[in-house]
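Step one of this worksheet: look at the structure below.
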Amino acid sequence: MTENEKHLYVARLDAAAEGFGLPKNDQAWSKLLDYLALLQKWNKTYNLTAIRDVDEMFIKHILDSLSVAPYIDSERLIDVGTGGGLPGIPLAILFPERQVDLLDSNSKKTRFLVQAKAELGLKNVEVVHHRVEAYHPETLYDGVVSRAFASLDDMLNWTHHLLKPQGHWWAMKAQKTQDEVAQLPNFAKMSQVFELHVPSLDAERTLIKIEKCQET
């Protein structure tokens, strides 16, 4: 990525942040672009994403991940089925004071995540190579986020053991899922649905917030 291209992407991040209601953050933008470069560099080796075009990666991965940042307020968060680190790494870059753990069962992807954590200097990130249903952390999380990881019902059932009571699931979905929301398990209750607007992306995006309402 040339210096001129970096300046253009920084300008787009500034504009996107204004639209999302986030402050401009030059240090975070620099790390996000470094992360984008790592995604592009290692994608062929690690098969991190089907997207090959760097501008499409910027829109569908970086901006899409940032679009949820104004809503997710969990201080200790786990990103399940994180793949190449989405949305976890962008959130960890934006909120260095929060703990963001990245879980995936694919060893190639977790190797990339370990490398990305080191190169980006993300001290608030831990990489977990595990199947989600078999992972039992010593300390429970107050937030679980996923990005098109599974059906909403599967997400809740596979991850409820990771979450504190009164903690929240944050499910990023490509479209409204009324049927899924109407059939929540008894340990979960609907909180809010946020409609997301990602610059340069002509597609529906929603963030579903669900509260864990009892011990299971």
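Glycine is no exception: its Cβ is also placed from the backbone N, Cα and C atoms.
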Item checked: Swiss-Prot S-adenosyl-L-methionine site partner of Gly81, Leu86, Val132, Glu133, selected from Arg98, Arg147 -> Arg147
Note to self: Given a separation of at least six residues and a C-beta threshold under 8 Å, show me what packs close to Val132 (S-adenosyl-L-methionine binding site) in the same chain.
What the structure shows: Val80, Gly81, Leu103, Ser105, Trp158, Thr159, Leu162
Margin query: Neighbour count, 10 Å Cβ-Cβ cut-off, for Glu133 (S-adenosyl-L-methionine binding site): what number do you get?
Written below: 14
